[in-house]
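Feature annotation from TrEMBL assigns domain 'Major facilitator superfamily (MFS) profile' to 50-484. Look at TrEMBL and you will find 48-72, 84-107, 114-133, 172-197, 282-301, 347-365, 456-479 tagged as transmembrane segment.
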Amino acid sequence: MTTKQTEPVTTISLQKLSLTSPEPQPKEPKTFTVEDAVETIGFGRFHIVLFLIMGSTGVAEAMEIMLIAVVSPVIRCEWQLENWQVALVTTMVFFGYMVFSIFFGLLADRYGRWKILFISFLWGAYFSLLTSFSPSYTWFVFLRTMVGCGVSGHSQGLIIKTEFLPTKYRGYMLPLSQVFWLAGSLLIIGLSSVVIPTFGWRWLIRIASIPGIILIMVFKFIPESARFNVSTGNTQAALATLERIARMNRAVMPEGRLVERVMDKRGRFADLLNARYLRTTLQIWVIWLGISLAYYGVILASAELLERDLVCGSRSESEVAVTVGDSEESQSPCHCHMFAPSDYHTMIISTLGEIVLNPLNILGINFLGRRLSLSITMGCTALFFLLLNICTSSAGLIGFLFMLRALVAANFNTIYLYTAEVYPTTMRALGMGTSSSLCRIGAIVAPFISQVLMSASFLGALCLFSSVCVICAISAFTLPIETKGRALQVPAPHPE
């Protein structure tokens, strides 16, 4: 009887189900983001051109920054400068760099990476050429400060590369950019050994401006960042850029329509210090400051160690003591000690050290991750600073210094990559700009440790450098975000 009651119900239920079957819903149109397009298009010819052109900004930057080191002995003699006056040139260059790093970073997040990069190269090339006509020391300091302001915008080239590269290639291609910095450093050293003795320092500055002028003319082949364009609502420009990249790479675009959140508020300091990024930002600033202190500290300490033999203290009292006549000569405001060929050779060898660990650095970044790789190289940097206190031969000392140059260069590689990856599009350039600004503070402080404190207490200076590196190693290891294999972040909505 129970069966007879349930059978009609089952039949009715089946009939109702067949009569009320859901109608097919219209398919939603497919959409994709810039990140999807970059990953789908993949790596190809466009990225090789991008790497060569944007990487070459490192050549121009290195030549302008290293120029002071090779020109200093000549201007010291020509204008009869004292030591503090020569040091002031470098300090003012880094001061201009420090101030305008933040300014250009803020503008790049608001008005575009390409525009700021182009303006910075125009600015730098113009004032660099003017420097070669400096009638006095005062004019030279002012014009080189203006060059430092312009050079600070070159980091936008790294931002553009970062925003166009697929995720799995960023860890390889961005550290390889160190090769361009190395090339620029070697080029200016080689040119100075030939041009200064024959044509003078003014012609060296004019020749050093040529790479920047050439880059200004080839920037037209590089488009504005598609990520920046979509963040400002300029979707059509971003789509045109992505389609152009796909054609160059002989790849296909994702199906559907390009969509991305439009952000009206970009390049705000408050975003760097909001709850989500506060700890990351503060730790990044500590690391940038420490790395630059170690980098310029090694460069300046190398000259002190080799010139004054502070390691073993082998200078005897008789070598320190001088006659009255010699004392008067040594206190002359003009010490015309020009670089000899052996000095240029030493500079080239020490500079080559910056590329030695690059292959291992790339492997560490991609397999161990950015945080662990940076903490290891910073820890090794701290160790090698302490090893400088060992009394060893000249060859052993050069070996320690060579490894230190390699390690501090690896540190810079990793933190540049991490900083470019960790922030979203709306504040990526500002994050890089503020970090670069703090980096120049380290460059300004380093001479007081390497040249002043080291003369008073050699071990004290080494312990200070080592302690800073240990703090940076801990800060790198405890960074809250690992960017290895992580897509570049889209902007998060601002709480009102």
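Even glycines carry a Cβ here, placed using N, Cα and C.
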Non-local residues, at least 6 beyond the ends, that sit with Cβ under 8 Å of the transmembrane segment (48-72): 86, 89-90, 93, 117, 121, 124, 128, 144, 147, 151, 154, 157-158, 160-161, 164-165, 173, 176-185, 187-189, 192, 196, 201, 204-205, 208, 211-212, 215, 218-219, 221-222, 248, 339, 347
Annotated stretches the transmembrane segment (456-479) and the transmembrane segment (282-301) touching (3 or more Cβ pairs under 8 Å): yes
Stretch in 114-133, 172-197, 282-301 most in contact with the transmembrane segment (347-365), if contact is a CB pair under 8 A: 172-197
Chain residues in Cβ proximity to the transmembrane segment (114-133) (below 8 Å; excluding those fewer than six residues from its ends, i.e. six or more beyond): 57, 60, 64, 104, 107-108, 140, 143-144, 146-147, 149-154, 156-157, 160, 202-203, 205-206, 208-209, 212-213, 215-216, 219, 222-225, 429
Chain residues in Cβ proximity to the transmembrane segment (172-197) (below 8 Å; excluding those fewer than six residues from its ends, i.e. six or more beyond): 47, 51, 54-63, 66-67, 70-71, 74, 158, 161-162, 165, 203-204, 207-208, 211, 338-339, 341, 344, 347-348, 351-352, 354-355, 358, 361-362, 365-366, 409, 412-414, 416-417, 420
Predicted model, mean pLDDT over the domain 'Major facilitator superfamily (MFS) profile' (50-484): 83
